[in-house]
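If you look up TrEMBL, you'll see Cys357 marked as active site, nucleophile. According to TrEMBL, the S-adenosyl-L-methionine binding site annotation covers Glu259, Asp286, Asp304. Positions annotated as domain 'SAM-dependent MTase RsmB/NOP-type' by TrEMBL: 119-427.
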Amino acid sequence: MSQFTHSIKVPTQYKATAKILKAAIEKQKSIKSLIFEEKHARVRSLQAVLKHYSDNRGAVDNAIEETGLLKDNPNLDSALAKVLVTELIFGRGELNGESRPVQTVRLYKERLQQAISGAEYQKKEPNPRYVRINTNLLSIADALDYLYGEEWRRKQLAADATYADFLVAIRTLEEDEFLMDIHVEGVLIFHSKWSHYWASHDYVRSKKFILQNKATCLAAELLAPPVGSTVLDMCAAPGMKTLHLCNVMQNQGRIYAVEQSKERYKALCDITNEAGCQIVTPILGDALTMDSTKCPDVEYVLVDPSCSGNGMQSRISVCDEQKDDKRLYKLAGLQIKILSHAMSAFPNVKRIVYCTCSLWKEENEQVVQRCLQLNPSFKLLSCKKALRNKWQNVGDKEYVKIGKNCLYCLPDHDLTDGIFLAMFEKRQENDCE
């Protein structure tokens, strides 16, 4: 190995990314929070490398083991090796610089590729790219005209198409086709190949198009606040659902958008301003301190509290996540407090939608069950019926009168993020059911 020049340093972006990966593996810390804390300017651009590693972790680890990369080079840091191999095989296909670790991994490129191509591992097929039209800034008609002008072809569904037909249409999208969603107005569906294309598109940068997974759009769809109504978004940042509510209300009425974190509050203010939201009142504060004096005349409430997030497909996981019962117990306690507060603190409330990006029943059906026990003046409505029965995955039938009325978006079936939704309505005086 005498041909290596030891004085050449490893590029900073690789070192910073390896540092994040190492902390995530050894300390079981969240990749997302570690990236947010990292001061190095370019590390966020290498979030893609961490996502590639997350998606192909088994293949990368097996290839490193099979080729003897770490065994032959004991001074090579394990986390750095994983970053470099991932970038070389699943990322850009090349490495920057001439440092010893970079040159070492380059020498193994052919062997690594052979190990990966010869291994039997299941690569997860990415879900489609969802793009929502921000009707504050662009009408649906103008958005379609733009797409046709760019030579996109709209894939049409038969008038009597079922939800199963719709899912088949998504799976068989040609690369130059797009679909209009059958549940949420203004949601466009593209082949997964175009994920990066839309991420850097001018219409996305200008907030005419919003990159929002279809599953999370169902929250505003189910809440369905009429034009001119008053809405409370209790845990609003980063603001995608707040913006969608604004679109549903045609930018008329009022939305109180509450966020406790200063950094996330700033992100909420930025996106609602840039996206042309004229009816949003951002509030920096604790949702549990909000009431009808601070947020008067509230009729519709969205409760989207902190959760385990295990349904998010963009989530970067670098180790096998185990169910953490202690953490779920704490999260569920907070979720019950917030949802129950929404039910009791606003006398004019008509409808509440509860939403998590979790697939654990402790955060979903069990929270719904407890809040209905604590607040008998509310009843559960059927999410499936609200979607014209064009849905299949509902809650657990073990939870009588609860499970069948709740809704799950399941990544492998519905081709979305994993999301849970429940819809509550305040009972009328003569409603004894």
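Keep in mind that glycine also has a Cβ here, set from the backbone N, Cα and C atoms.
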Averaged pLDDT, computed only over the residues in the domain 'SAM-dependent MTase RsmB/NOP-type' (119-427): 94
What other residues of the same chain, not counting Glu259, Asp286, Asp304, have a CB atom within 8 A of the CB centroid of the S-adenosyl-L-methionine site? Asp233, Met234, Cys235, Ala236, Ala237, Val258, Gln260, Ala287, Pro305
With a 10 Å radius around each C-beta, find which of these binding-site residues (Glu259, Asp286, Asp304) has the fewest other C-beta atoms nearby. Asp286
Could you measure between Asp304 (S-adenosyl-L-methionine binding site) and the residue listed as 'active site, nucleophile' for me? Cα positions, answer in whole angstrom. 9
What whole-number Å value do you get for the CA-CA distance of Glu259 (S-adenosyl-L-methionine binding site) and Cys357 (active site, nucleophile)? 18
For the residue listed as 'active site, nucleophile', the number of other Cβ atoms found within 10 Å of its own Cβ: 23
